[in-house]
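Taken verbatim from Swiss-Prot:
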TRANSIT   1-68  transit peptide
REPEAT    237-271  repeat 'PPR 1'
REPEAT    272-310  repeat 'PPR 2'
REPEAT    312-352  repeat 'PPR 3'
REPEAT    355-389  repeat 'PPR 4'
REPEAT    390-424  repeat 'PPR 5'
REPEAT    425-455  repeat 'PPR 6'
REPEAT    460-494  repeat 'PPR 7'
REPEAT    495-525  repeat 'PPR 8'
REPEAT    529-563  repeat 'PPR 9'
REPEAT    565-599  repeat 'PPR 10'
Amino acid sequence: MTKSNGHNATMIVTGACDFSSSFSLASSSSSTVSVTTFNISSLSSNPNIINSSSTLFRSLSFSLIRHRSSYSRRSLRRLSIHTVHGNKTQFFSHSSTRTPPLFTANSTAQRSGTFVEHLTGITESEEGISEANGFGDVESARNDIRNVATRRIETEFEVRELEELPEEWRRSKLAWLCKEVPTHKAVTLVRLLNAQKKWVRQEDATYISVHCMRIRENETGFRVYRWMTQQNWYRFDFGLTTKLAEYLGKERKFTKCREVFDDVLNQGRVPSESTFHILVVAYLSSLSVEGCLEEACSVYNRMIQLGGYKPRLSLHNSLFRALVSKQGGILNDQLKQAEFIFHNVVTTGLEVQKDIYSGLIWLHSCQDEVDIGRINSLREEMKKAGFQESKEVVVSLLRAYAKEGGVEEVERTWLELLDLDCGIPSQAFVYKIEAYSKVGDFAKAMEIFREMEKHIGGATMSGYHKIIEVLCKVQQVELVETLMKEFEESGKKPLLPSFIEIAKMYFDLGLHEKLEMAFVQCLEKCQPSQPIYNIYLDSLTKIGNLEKAGDVFNEMKNNGTINVSARSCNSLLKGYLDCGKQVQAERIYDLMRMKKYEIEPPLMEKLDYILSLKKKEVKKRPFSMKLSKDQREVLVGLLLGGLQIESDKEKKSHMIKFEFRENSQAHLVLKQNIHDQFREWLHPLSNFQEDIIPFEFYSVPHSYFGFYAEHYWPKGQPEIPKLIHRWLSPHSLAYWYMYSGVKTSSGDIILRLKGSLEGVEKVVKALQAKSMECRVKKKGKVFWIGLQGTNSALFWKLIEPHVLENLKEHLKPASESLDNVKEAEEQSINFKSNSDHSDDCVNSEAHFY
């Protein structure tokens with residue numbers, strides 16, 4: 001029923017229906033409403049939607065929205081997608097009778113393996129480029145948003161004109177709020193709304209939020225919505241949350257979109273298909289932000305398993321391309337997700353494009369344990385679909401067969417690659433070298449390496465690494481030395497992996513003098529690394545040069561970038577015990593007890609005898625679990641920088657999640673140091689070899705971390721403790737800076753922080769107590785504390801003794817600032833982008849933009 005007389009313009013839509021066409025009615029306020037006609041015949045032909053309830057959420061120039069929902073467990077609710085053109089709001093809806101099953105990853109998607117780097121040297125053909133753009137364009141997925149089928153519809157919805165409100169004062173105040181709210185920042189906006197608490201109702205706040213969305217002030221609309229949810233009169237509004245989430249998602253505000261999305265889930269409701277679709281696209285549009293791909297996969301999986309939806313082909317393809325394009329990775333998660341996407345495309349009857357087959361074969365070939373059967377199955381399906389195998393597929397096959405050591409299959413695949421007449425990528429030569437190394441034919445491997453040099457005009461870095469590794473295993477000393485010299489002269493980097501292989505070979509052959517020369521050359525041309533130090537230390541202890549071994553050990557211990565490990569301690573301890581140096585052995589033993597390193601069983605027997613003479617008891621087990629002072633200070637800095645704590649409230653235990661960024665130079669160095677410092681606290685599965693420490697590992701679950709969980713992660717969210725000023729030592733500040741700080745191009749220092757505004761103020765005051773002035777801005781949920789000029793120099797002077805040696809040059813502020821440390825001039829910090837906070841929200845010393 002619709003009335004357009006300007007005094008009682010109310011529209012109520014009920015029932016579940018198939019929207020087939022629409023017409024427009026103009027109200028007296030000159031706003032145009034798009035009203036949808038119903039295809040009644042579809043109800044009888046489609047019994048699945050007879051019990052469905054429906055919702056239409058309309059956005060008018062001045063329209064008040066009231067949402068009444070009636071819930072039925074068996075009914076499907078969907079909000080129709082709409083777009084705004086000028087003064088007209090159009091709604092698009094496509095009926096659908098299909099009921100998709102809940103899918104889980106099939107058995108073929110659960111194979112183990114690791115995801116490795118992309119093929120190098122492969123250039124796409126024009127055909128390949130066009131195909132890649134066709135199957136993986138995020139823009140195509142974004143364009144499909146408006147065409148997403150809507151199968152969850154609310155029961156009843158009412159749209160009223162602003163003029164229909166009986167109280168004139170309410171109309172005036174609402175109009176005034178609609179004008180004022182978009183002009184204010186977050187804190188002032190909340191104060192403004194709080195001042196209206198006495199008269200504002202949910203319908204009023206909903207109207208303001210929708211008005212903000214209509215004028216494209218979506219973040220302001222979100223703030224009004226968030227304020228509304230904190231009021232005691234608030235009732236969940238599915239229509240409003242759906243509209244808000246989709247508007248935020250279309251602007252790529254994935255964090256706020258996810259908050260609203262989670263609000264729907266927390267109410268026991270299933271978001272609409274369009275909301276799922278938009279949120280996935282928002283994440284895929286921000287892949288440069290860490291963790292967005294994982295979140296996109298999580299939402300995609302929920303879309304299918306929880307919502308029972310069948311996504312558009314463009315969404316499948318976009319997510320698949322993002323998985324294939326991801327650099328690096330751990331375990332076989334990417335393969336499982338890719339198999340799940342492939343399974344969904346096939347079972348829903350969508351077209352499987354050529355690049356999907358190619359990408360899936362490529363992912364399988366990257367695994368440590370290759371499933372040749374699955375690869376052959378995909379090849380058969382690819383042929384049935386009428387696709388020819390491209391160069392990328394053939395190279396993937398070459399890699400897979402090389403890992404299995406199948407020389408015959410490699411040669412046959414090599415001929416196929418030659419027949420394609422599209423050039424041989426350098427990585428194909430590396431795979432062929434690996435295949436022959438598996439069968440011990442190093443002469444053939446060397447021949448292939450020389451062919452690569454002729455074919456591409458010089459060997460690649462990966463080619464040098466592979467051939468040197470192969471020849472070191474068969475101990476071809478002269479040939480290895482010749483190749484290493486060529487490698488150094490070529491100027492290619494990194495050299496460290498090859499130096500480590502050569503050092504191992506020299507140690508096995510007993511060529512300790514050559515090993516020492518290789519060690520010295522490595523330090524001159526590469527950054528210091530614990531693996532090469534450990535090999536050199538083993539060599540010194542084996543030849544009995546314990547004095548020099550002690551010096552090298554002390555150098556490792558004093559350099560936080562290298563640090564000592566259980567292996568280096570056991571190596572030196574064995575040397576001291578074999579030579580009868582009991583005093584030095586006791587010192588190493590005490591160090592191992594302090595660091596809680598395990599002592600090798602043969603050494604325990606010797607220690608037991610030596611210490612029994614002095615009536616000392618050998619501690620078979622480490623001390624009771626307790627963090628040292630240094631560990632506590634490091635943990636405070638890391639927690640401020642974003643370290644996460646996962647809690648099990650039932651068992652009252654907590655687990656630290658150590659996570660590092662692969663694309664951060666500071667994190668590459670820092671993860672080694674953190675792994676060594678917290679080794680005794682790490683989960684047994686996290687005790688990896690020194691040279692393959694992952695970018696993510698966990699501590700053991702322990703009640704000792706309860707203090708940190710209570711103060712830094714209450715209720716599973718980051719928070720800043722009230723007593724942070726007591727715990728903010730220079731050591732903690734240094735690790736905070738190394739973990740999440742940034743040095744700008746101008747040499748200023750910016751620190752990243754999550755928590756409440758009050759907590760940030762406490763941190764700012766703590767810095768001011770150390771004579772450092774700072775400015776703060778907020779972006780999303782993250783605060784950025786900036787120190788510029790003299791302030792950055794003072795900060796650096798405070799933390800420099802605790803910064804890892806290899807990071808000092810990388811993190812050191814501008815030299816001009818250091819020259820002016822003694823000047824007391826106050827520096828002003830200007831973050832160019834505006835924040836969500838106004839200047840009046842904090843004290844006068846630390847300004848929030």
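The first residue you see is number 1, and the count goes up from there.
Glycine residues also receive a Cβ, built from the backbone N, Cα and C atoms like all the rest.
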Sequence-remote partners of the repeat 'PPR 7' (460-494) [C-beta within less than 8 Å, at least six residues beyond its ends]: 120-121, 426-427, 429-430, 433-434, 437, 440, 442, 445-446, 449, 452, 501-502, 504-505, 508-509, 511, 525-526
Cβ-Cβ under 8 Å with the repeat 'PPR 6' (425-455): same-chain residues at least 6 beyond its ends: 119-122, 391, 395, 398-399, 401-407, 410, 414, 417, 462-463, 466-467, 469-471, 473-474, 476, 479
Secondary structure tally of the repeat 'PPR 9' (529-563) (DSSP, helix then strand then coil): 26 helix, 0 strand, 9 coil
For the repeat 'PPR 6' (425-455), the mean pLDDT of the predicted model: 92
